[in-house]
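As given in TrEMBL:
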BINDING   Gly45, Pro46, Gln47, Ser48, Ser49, Gly50, Lys51, Ser52  GTP binding site
COMPBIAS  775-790  compositional bias 'Low complexity'
DOMAIN    35-250  domain 'GB1/RHD3-type G'
REGION    762-813  region 'Disordered'
TOPO_DOM  1-681  topological domain 'Cytoplasmic'
TOPO_DOM  727-813  topological domain 'Cytoplasmic'
Amino acid sequence: MEDHCCSTQLIDGDGKFNVAGLDNFVRTTKLAHCGLSYAVVAIMGPQSSGKSTLMNHLFHTNFREMDAYRGRSQTTKGIWIAKCVGIEPSTIAMDLEGTDGRERGEDDTAFEKQSALFALAIADIVLINMWCHDIGREQAANKPLLKTVFQVMTRLFSPRKTTLLFVIRDKSKTPIEYLEPILREDIEKIWDVVPKPEAHKNTPLSEFFNVEVTGLSSYEEKEEQFKQQVAELRQRFFHSISPGGLAGDRRGVVPASGFSFSAQQIWKVIRENKDLDLPAHKVMVATVRCEEIATEKLRLLSVDKGWLALEEAVQAGPVSGFGKKLSAVLDTYFSEYDLEAIYFDEGVRNAKRRQLESKALDFVHPLFSSMLGHLRSKAFESFKTRLEQLLNKGEGFAASVSRCTQSCMLEFDQGCADAAIRQANWDASKVREKLSRDIDAHASSVRSAKLAEIIANYEKKLAEELIAPVESLFEVGSEDTWPSIRRLLKRDSEAAVLDFSTAIAGFELDQSTVDAMVQNVRSYARNVLEKKAREESGKVLIRMKERFSAVFNHDNDSMPRVWTGKEDIRKIMKDAHLASLRLLSVMAAIRLDEKPDKIETVLVSSLIDGTLTVSSSRDRSIGTSADPLASSTWEEVSRKDTLITPVQCKSLWRQFKAETEYTVTQAISAQEAHKRSNNWLPPPWAIVAMVVLGFNEFMLLLKNPLYLMVLFIAYLLSKALWVQMDISGEFRHGTLAGLISISSRFLPTVMNLLKRLAEEAQGHPTPEAPRPQQSLAESSVSSNISSSDSGLEYSSPNMTHRRSMKSEEAEVS
């Protein structure tokens with residue numbers, strides 16, 4: 001029985017509350033799980049009136065009983081509690097220290113009131129143990145006890161509707177039906193005279209108490225009858241809290257899980273001699289207990305295996321069914337809170353539940369945010385991948401972006417719906433907006449990259465199509481150069497603009513942007529030409545020299561000139577200068593705007609014709625120059641279109657003339673050398689003198705043909721010697737060198753000729769001996785002579801002209 005009832009001293013004789021003992025009692029009896037299905041029964045009465053004995057027999061407890069053989073003395077000190085064995089619902093028996101005991105003396109009243117108030121605040125049923133022979137007496141022992149009970153009730157701000165069960169001990173032969181009215185009358189009298197709060201002055205006793213009366217026979221004289229009556233009384237405590245039971249209309253019950261804390265706080269207030277506000281106390285107990293329950297559930301949530309597994313999974317990436325899983329975890333602990341706090345004050349319970357929900361949601365919200373972050377990242381990566389795939393397939397950019405954006409936002413919304421929990425209506429709009437901003441930013445970046453790539457391709461294509469033709473046109477440097485360049489620019493730029501407009505049509509750009517980009521393409525084409533023109537202008541001196549050389553050294557048929565002495569070098573030089581100057585005028589300025597200018601006229605008149613405007617005396621007096629090239633700008637040409645300034649043109653022309661002067665000098669020298677090499681006749685006066693003085697000899701030859709034959713043979717021999725010895729070539733190295741060479745070769749050459757003539761006369765001709773090979777230095781200054789049927793062939797380093805002839809060796813007879 002001791003193990004079942006778990007008897008514990010709740011408050012000792014000094015008024016100290018046994019917190020540890022009560023907690024152990026609650027834990028051992030599993031009282032906290034009872035909710036409101038429990039009852040507390042307390043017993044009050046004079047000392048040594050058999051209270052403990054009645055409780056032990058009534059509830060099968062093991063409170064300490066008085067040993068009558070050792071005298072009548074105080075047995076129960078303070079307040080003891082025990083579990084009533086075999087009673088349903090779970091019932092707690094509370095045995096109070098007896099009143100009017102000699103052990104406490106004058107302090108008896110104080111502790112008596114405190115314990116009575118504690119019992120009335122805690123118990124649902126209070127047994128008033130009193131003797132039968134005290135009923136009807138004015139100064140009987142039950143009167144002080146009842147006064148104490150009613151007085152302390154005034155310190156309870158709100159009535160609990162406690163059941164007062166008067167147990168009349170050692171009843172006499174007087175039927176209980178006669179004793180009960182007398183007892184009730186006494187109780188009413190006591191209630192009327194007891195001071196009450198202003199709010200309850202006219203409140204009847206029935207608002208505070210249910211009064212029940214029962215009688216028991218003497219335990220000592222009629223023990224069996226006593227036990228039988230106690231057993232019958234015990235049956236009344238079964239289902240005592242049900243409607244119609246002893247405590248069926250009780251009010252302000254503290255849930256079993258808050259019983260320990262409530263008891264501690266009530267006793268604390270009573271000991272401090274304060275009025276006990278039961279409704280406020282009930283709220284306070286509910287507040288503390290609901291707070292404890294909520295804190296415990298929050299702690300258990302933080303270590304829940306399902307929660308920890310979900311948290312770990314989310315750290316790695318998005319989790320399918322996140323919302324359902326998290327909602328299930330939260331529902332578990334919210335439901336547990338509801339079950340444990342269901343019997344506490346509804347307002348407090350609901351407030352604490354809202355706090356629990358708020359704290360729990362705050363606790364799990366970072367994980368929800370992480371989940372949204374994963375969903376956003378996944379949707380964003382999906383957008384980038386899909387966009388790249390669609391663009392690689394050749395779909396339009398704007399259509400691809402719209403399609404990918406729609407699908408990825410739908411994917412994100414579905415993920416958010418899957419991640420949503422039932423307990424909260426969290427807004428994912430900010431994350432959605434960030435995803436939208438990220439998509440827009442990436443789309444803008446890809447758009448810029450694609451447009452830049454397209455622009456770069458078309459610019460490269462434009463440059464390739466323009467640079468080579470423009471360079472060729474600049475090399476020609478004719479009057480039609482700039483018109484051709486303008487036509488080329490217009491044709492290629494318009495073609496590029498058309499293709500470019502088609503290429504960017506899929507981007508769905510606004511018209512102003514398209515116009516600006518098209519204009520940029522046109523500007524780029526123009527800039528390419530301008531850049532190339534500036535580049536070519538730096539080569540103008542080289543181009544001018546090449547042009548001069550081409551015109552000066554080649555005829556109209558592009559054949560190299562041979563300076564035979566008949567060419568007009570001055571006229572040819574002037575033509576070459578004009579061609580070079582025309583090239584300079586072409587390169588002097590950029591002419592893409594079709595504006596007329598006088599650059600060529602100024603250059604020709606200033607540098608070739610030399611027709612300079614004579615400045616007036618006034619102009620000369622103020623030092624102004626009449627030279628149109630003494631300026632840094634051209635008329636009708638802007639500075640940005642100027643490639644070569646007039647001053648630079650003048651400087652370039654001086655340098656050009658200095659560098660081409662040698663070519664002209666060489667041509668003149670070659671012409672004079674050719675004249676010298678081909679002019680073997682004496683001067684005209686010498687010829688006239690020879691005709692006049694040699695007339696007689698000539699007539700002699702005509703009269704004697706033998707002389708003519710001798711002269712003819714001498715002529716043939718001389719010609720053969722001339723050809724064999726290359727007389728003209730030998731004298732090219734100088735007169736002295738020629739004479740030395742001829743004298744050393746004269747005799748061998750004569751002998752060779754005679755030998756050949758002799759062999760031919762005998763009919764055995766010998767092959768012609770190879771002519772001696774002259775060195776490269778000799779060939780540059782010597783002339784070769786060969787005989788033929790039609791005449792002679794001349795060659796020199798400055799002449800490449802040849803006359804056609806048959807190559808046949810001259811025969812000497």
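Every residue gets a Cβ built from N, Cα and C, even glycine.
Annotations in TrEMBL come from automatic prediction, not curation.
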| query | So of Gly45, Pro46, Gly50, which of the binding-site residues has the fewest other Cβ atoms within 10 Å around its own Cβ? | reply | Pro46
| field | Proximal but sequence-remote residues of the same chain as Ser49 (GTP binding site) (Cβ under 8 Å, at least 6 apart) | value | Gly98, Asn129, Met130, Trp131, Arg169
| message | I'd like the number of other C-beta atoms within 10 A of the C-beta of Ser48 (GTP binding site), please. | response | 18
| query | Can you tell me the mean pLDDT for the topological domain 'Cytoplasmic' (1-681)? | reply | 85
| Within 10 Å of the Cβ of Lys51 (GTP binding site), how many other Cβ atoms can be counted across all chains shown? | 27
| message | Around the C-beta of Gln47 (GTP binding site), how many further C-beta atoms are within 10 angstroms, looking at every protein chain? | response | 21
| remark: A correct count of other C-beta atoms within 10 Å of the C-beta of Ser52 (GTP binding site) gives 23
